[in-house]
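The next block holds one structure in the form of structure tokens; read it before the comments.
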Amino acid sequence: MTASQAARPPPAGPSRHHGADSQSRQHQGLSSSTPASSTATASDQLTPDSDSDDDIVVHSGAGLLGQGHDGSSEVFELEDRPRHRRGFGSDDEDGDEEKGGSRRQLQRRRAGSSSTAASFTLYTPDEERAVVRKFDRKLVVFVALLYMLSFLDRSNIGNAHIAGMDADLQSVPPKEDMYEWALTAFYIAYISFEWMSLLWRIIPPHIYVTLVVLSWGCVASLQAISVNYPMLIALRTLLGIGEAAFTGVPFYLSFFFRRDELAFRTAIFVSAAPLATSFASSLGWLILKLADKTPIAPWRLLFLLEGFPSVLVSVVAWHLIPDSPETAPYLTAREKRVARLRLRHENPATPPARDNHPSASSSGRVRRRQRLSPSRILSVLADPSAWLTGFIFLLANTAYSSLPVFLPTILTGMGHSPLSSQLLAAPPYLTAFLVVLAAAHASDKAGSRSPLLAAAALASAAGYALLALSRWPLRLAPESALRYLAVYPAAAGFFTVVVLTISWGVNNQADESRRGGGFALMQVLGQCGPLVGARLYPARDGPYYTSGMAVCAGAMVGVAVLAWGLRVYLKGLNRRLDMEEGVVVGEDGTEEEGLVGGRRRRRAGFRYML
């Protein structure tokens, strides 16, 4: 086992190992009585001009070098990793020097092993939390705003439909399914260009996002000048291309957050969709209210007012979107280094050095940056878990894509006026916004996706089933009230399913190349769902839309079944990895020590999230 293989960061040691850590420090020549002030002294050694961190390893433990600012005893110690010349210290060597050189890099080592590695720097949990908070406030909130604008521009066609658009654009004689084709055209383009999610790692994100947001903002605004359905369908196709390029945001967020942090950040991002839908409904109500005072048709004004803000925000994106943690303009030099170091263990299957290429960091130094590997991307096609996740996403999107654009029409069919329907469409999505955030936070804390995902899918299925059965009076409440209340679990459920499915898919790929490939596959499969969802509510099925509601209910039940099946499959894979690698696994699933025939497996330590 080489030193480079042994230099994996072990899990943070809880305070109950304080005695063992003290004994280890005595072997290392580190005093167990190091004062708390040494934390700041050692921390100051971390500068943007320090040597590349390719030869350091992150350790954590209780009371190693003092306390954090909040009184916690956990710090992260960075030690020199022994350097080996090419051709020496290979995996096949079994000498005493090689054994000692690798073992003394392990946090939880056997008593009696020695270490000469010198501690040269550290960072505290306080500093890490400060970095995460900055990313939450500056990055996650901003991409959520962009996604809200994106979802607003794609779904406001439902509000425009009941605001007179169909009467103005319909041909003579009228064609019944032109509105459904306008919806379908968007998703055909959306699916065809899902591969563009890989461009987040190829084109600098600040350039990429600016161009993408500018393009869809212009197209969304131009829908206001449509003179017939063919023109609207063409513009919806271009809008689908522009918005498909933005779907890689969860993949992009994985550059900044750990696996167990990703679901909540994805939830903030995706929950902008129900927020956008409620905002669109409220704004649609306001525009219809003021329509008599303007010479512009209400639906044209709606497209214009909801599309043009994206054009303005694209300018801000150039300045606020960082390409990597090291280029975030709101981080100090030290925070940039901490942001990078905290993610070192997130890629246990990092390709060898030849798959890396140099890139300039914000400090002007040249550092190695992982490059997307085509072979690793294509290897996802042989991964059953990636396909299962994609099919879960397909079923979820069948419901996710249909209800937002048809809810105003459904509410009108319940007997409400167009004006009231716009307003009543908002509360279910505001509720969904809160439910999604709570569910994602609980999922991150539990370190598991499938239980909450399956529960949310069943809740959504129950809501859709109630809507499907509303044709036959249940005598439990007034019909319109019961149908309206059923919308709440339906909407909250499918939005939660979408968030957890996206996070689950990104979590269960070991490196950036596989994450990019897995995300693209999930999106290509998943976005086939809207092709079905966009045609579930034809006008002839109103006002109950029984068949469409039944299809969505069945899709949500299918999500629950597949999610639990995927959990069982991944649990079996984890058990097999434990047996093959002979590892001792901590609570966080990180390998502590494991040899297989004297070699450490390349993917040792990676475990699938259930």
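Glycine is treated like the rest: Cβ placed from N, Cα and C.
Nobody curates TrEMBL annotations by hand; they come from automatic prediction.
What TrEMBL records for this protein:
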COMPBIAS  21-30  compositional bias 'Polar residues'
COMPBIAS  31-43  compositional bias 'Low complexity'
REGION    1-113  region 'Disordered'
REGION    345-370  region 'Disordered'
TRANSMEM  139-158  transmembrane segment
TRANSMEM  178-200  transmembrane segment
TRANSMEM  207-227  transmembrane segment
TRANSMEM  233-255  transmembrane segment
TRANSMEM  267-287  transmembrane segment
TRANSMEM  299-321  transmembrane segment
TRANSMEM  377-400  transmembrane segment
TRANSMEM  420-440  transmembrane segment
TRANSMEM  452-474  transmembrane segment
TRANSMEM  486-506  transmembrane segment
TRANSMEM  518-538  transmembrane segment
TRANSMEM  544-566  transmembrane segment
Is it the case that the transmembrane segment (377-400) and the transmembrane segment (486-506) touch, counting contact as three or more CB pairs under 8 Å in which the residues of each pair are 6 or more positions apart?
yes
Would you say the transmembrane segment (207-227) and the transmembrane segment (139-158) are touching, if the rule is that at least three C-beta pairs must lie under 8 angstroms and be 6 or more residues apart?
yes
Other same-chain positions with a Cβ less than 8 Å from the transmembrane segment (267-287) and lying at least 6 residues past its termini are 136, 140-141, 143-145, 147-152, 155-156, 159, 163, 249-250, 253, 298, 301-302, 305-306, 404, 407-408, 419, 422-430, 432-433, 436-437, 439-441, 491, 495, 498-499, 502-503
May I ask for the residues of the chain that lie six or more residues beyond the transmembrane segment (207-227) and have a Cβ under 8 Å from a Cβ within it?
146, 149-150, 153, 157, 169, 199-200, 235-236, 238-239, 242-243, 245-246, 296, 300-301, 303-304, 306-315, 317-318, 321
Any contact, the transmembrane segment (420-440) to the transmembrane segment (233-255), with at least 3 Cβ pairs under 8 A
no
Count, for each of 233-255, 486-506, 544-566, the Cβ pairs lying under 8 Å from the transmembrane segment (178-200), and report the range with the highest count.
233-255
Cβ-Cβ under 8 Å with the transmembrane segment (486-506): same-chain residues at least 6 beyond its ends
250-251, 254, 262-263, 266-267, 270-271, 273-274, 386, 389-390, 392-393, 396-397, 399-400, 403, 407, 427-429, 431-433, 435-436, 439-440, 443, 449-450, 452-453, 456-464, 466-467, 470, 515, 518-519, 522, 526, 552, 556, 559, 609
